[in-house]
Structure formats: structure tokens, C-alpha cells
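Copied over from Swiss-Prot, here are the features:
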BINDING   S19, H24, T27, E32  Ca(2+) 1 binding site
BINDING   D62, D64, D66, Q68, E73  Ca(2+) 2 binding site
DOMAIN    16-48  domain 'EF-hand 1'
DOMAIN    49-84  domain 'EF-hand 2'
REGION    38-53  region 'Hinge domain'
Amino acid sequence: MTKLEDHLEGIINIFHQYSVRTGHYDTLSKCELKKLITTELVNTIKNTKDQATVDRIFRDLDEDGDHQVDFKEFLSLLASVLVTAHENIHKE
């Protein structure tokens, strides 16, 4: 497995680590998303402990309005985080 493929598998595994806790096994509830963000992205997303921030992120990600974040919706968050990280690397 290449380094990139290994990282992709890691993203899937982390998503599943949090998605299986409550409700549907392949989606994130707001509580599961908060736990994932505050644990895995604590140094990347500001104000992760602020409930209003989590509420806004969840609302923005939940494109279909089903009160769950599926893997495709979760990837929107990762894409945004990666774009910001990429821009910050070029600023340094």
C-alpha cells in the first residue's frame, strides 16, 4: 500500500471509529462529530469545545438535512481543512 493509500484508509478508519457509537453505524450524529472534532482535529479547527462552533459545522455539513453526517458530507469538512492547511503551508 502506498503512503497516500495508507492515509486514505486511515481517514476511513477514523470516521468509522466515531460513527459506530450511536445511531446508524455509517453516519455521525452531532455528538459523534463533536467527539471526532475535539479529539482528532483539536489543533486544526479553532473553538472545537464551543458548542456553537460544533452546531455551525454540523449544520453546514448536513447537506441533506437528515441530522446525520455521512462519509461524503464528512469529506467536505476534510477538504476544507486540507485547503486551509495547504494555504497556510505556502504562507510560511
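Just so you know, glycine gets a Cβ as well, placed from its N, Cα and C.
Structure with Swiss-Prot features highlighted.
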residue	record	contacts (Cβ under 8 Å, 6+ apart)
S19	Ca(2+) 1 binding site	Y25, D26, T27, L28, E32
H24	Ca(2+) 1 binding site	Q68
D62	Ca(2+) 2 binding site	Q68, V69, E73
D64	Ca(2+) 2 binding site	E73
D66	Ca(2+) 2 binding site	T27
Item checked: Long-range neighbours of the domain 'EF-hand 1' (16-48), counting only residues six or more past its ends (CB under 8 A) -> 54-55, 57-58, 61, 66-71, 74, 81, 85
Next item on the list: Take the domain 'EF-hand 2' (49-84) and count its residues per DSSP category (helix H/G/I, strand E/B, coil), listing them in that order.
Entry: 25 helix, 2 strand, 9 coil
Next item on the list: Provide the three-state DSSP residue tally for the domain 'EF-hand 1' (16-48): helix first, then strand, then coil.
Entry: 15 helix, 2 strand, 16 coil
Next item on the list: Averaged across the domain 'EF-hand 1' (16-48), what pLDDT does the model get? Just tell me the whole number, please.
Entry: 91
Check: Other residues with Cβ within 8 Å of the Cβ centroid of D62, D64, D66, Q68, E73 at the Ca(2+) 2 site?
Finding: T27, L61, E63, G65, H67, V69, D70
Next item on the list: Using the centroid of the Cβ atoms of S19, H24, T27, E32 as reference, list every other same-chain residue with Cβ within 8 Å of it (recorded Ca(2+) 1 site), in sequence order.
Entry: Y18, V20, R21, T22, G23, Y25, D26, L28, S29, Q68, V69, D70
